[in-house]
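Enquirer: Before I ask anything, let me first share the structure, which is written out below as structure tokens.
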């Protein structure tokens, strides 16, 4: 976003990477009316939703910090970013489409750091809940899904209440405990030349940077291949059911909102007194706020 001779506003020793001397942030601000650029939580909180039409937030030179490592005083949470986005977008009388990615869930899994990945998922869940409070199911369709899974599992037949990030109550054939959460492959493979696994305990496995055990050594854990779930609520949410190809999702959302290529919608006549109005595809669905929460794990 910044030329290589421009210093990052937050990190004095960090500069941009662009070699063409173009400041894309400045260019964006020039071409947008009532636009704001922010780079920390205080600036985001200070943005007036009523007078802001466009908002760009760049809070780190690269990836945002994991939720477990985030400075709550300087860096906004995913929930806070979602709230600000909805408050700005909801002013549009024609509705809006919001795409939210919990991208660091994926990063945590690739590093086989299950604690980081799971805390990211919890924050993602908070963001979805807050969005539900700021919108209504009467005119907002929310969709939550993923683009893939990971070779990540919970097992060991441990009893209810056993810590997710703890140890199995059983031991392996090598007479050693193993973690409740495991990866099929990844950097957590830890068997020495004698075929021995390390001894572990709850203090080790619950640490923030602990690398979960895995069966096959890889520098980065891989994606899984099973189908992933999709959840939806709100108008036309019944379109999301069963097993579908991934390309179906975009078509279903476009159909629900009555936008290209599905524009043959007509408004339903007003319902008779004491009769509920059916939710039908109509031109009025352009007033629908499509709130798509995509969890790219």
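Cβ coordinates are placed from backbone N, Cα and C, and glycine is handled just like the others.
Straight from TrEMBL, here's the annotation block:
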BINDING   101  Mg(2+) binding site
BINDING   106, 110, 147, 148, 223  Zn(2+) binding site
Enquirer: What residue among the binding-site residues 101, 106, 147 has the most other CB atoms lying within 10 A of its CB?
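Expert: That would be 106, with the highest Cβ count within 10 Å.
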Enquirer: Looking only at DSSP and grouping its letters into three states, which state does residue 110 (Zn(2+) binding site) belong to?
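Expert: Residue 110 (Zn(2+) binding site) sits in a helix per DSSP.
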Enquirer: Could you round the CA separation between residue 147 (Zn(2+) binding site) and residue 101 (Mg(2+) binding site) to a whole angstrom and send it over?
Expert: 11
Enquirer: As a test of the contact definition, list every same-chain residue at least 6 positions from residue 223 (Zn(2+) binding site) whose Cβ is closer than 8 Å to its Cβ.
Expert: 148, 149, 150, 151
Enquirer: Long-range neighbours only, meaning 6 or more apart in sequence with Cβ under 8 Å: which ones does residue 110 (Zn(2+) binding site) have?
Expert: 150, 186, 220, 221
Enquirer: According to DSSP, folded down to helix, strand and coil, what is the residue listed as 'Mg(2+) binding site'?
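Expert: Assignment for the residue listed as 'Mg(2+) binding site' reads strand.
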Enquirer: Work out the three-state DSSP category of residue 223 (Zn(2+) binding site).
Expert: strand
